[in-house]
Amino acid sequence: MAQSLTPSVETDSKTGPSKAISFQDYLDLSALDWARLRAVLAPTLYVDYTKIGKEKWDAMSADDFMAMVSNDDFLGDLCVKTQHLIGATYWERVSESKVIGHHQLRAAHQVYTSPDLKTVKLRGHSHATNEHYYVKSGGVWKFAGLKPEVRWNEYKFEEVFKGSYTQSEKQSLP
């Protein structure tokens, strides 16, 4: 019987499948549940956005990662709604304390004219593969980074995020 390599914040990978990180982090990101997302983060993350024209951080602190993703110029924009859907997935065990998840991903985004979310301004969706890194930290599996590779975008994806993804110059961490 195949062993599940799905990392979990609640169980060891040897005890069986769990939805805690492989599914819940996407629910948290899409629902903007920042506290719950923060709880599954490793102390430092590898963040490589070079394949989507942005920067790479070999060791970004969890606090800096949270500041980046929750920033008003990125996913913290109250006028942006998003849902990240995971498709096909396979797991690569690097060591007893490190796993790489290879995920097919569709990220749907809708931007509204105001935070009341009544009038849609634009849509932008991305189809990608994503490497997600997981490490065991303090005996618990944690999300330790990502490396997306966009296959193609729909609609006006490049206009969804007013800061992080629409400006050509390098952005510094908040």
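Every residue gets a Cβ built from N, Cα and C, even glycine.
As given in Swiss-Prot:
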ACT_SITE  HIS84  active site
ACT_SITE  HIS109  active site
BINDING   TYR49, ASN130  substrate binding site
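This view paints the features noted in Swiss-Prot onto the structure.
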residue: TYR49; record: substrate binding site; Cβ contacts under 8 Å, 6 or more apart: GLU55, LYS56, PRO148
residue: HIS109; record: active site; Cβ contacts under 8 Å, 6 or more apart: VAL80, LYS81, THR82, ARG123, GLY124, HIS125, SER126, PHE157, VAL160
residue: ASN130; record: substrate binding site; Cβ contacts under 8 Å, 6 or more apart: HIS102, HIS103, LEU105, LEU146, LYS147, PRO148, GLU149
**Request:** Quick one: give me the count of other CB atoms within 10 A of the CB of HIS84 (active site).
**Result:** 18
**DSSP-derived structure type at ASN130 (substrate binding site), helix or strand or else coil** = strand
**Item:** Coarse DSSP state, helix versus strand versus coil, of TYR49 (substrate binding site)
**Value:** coil
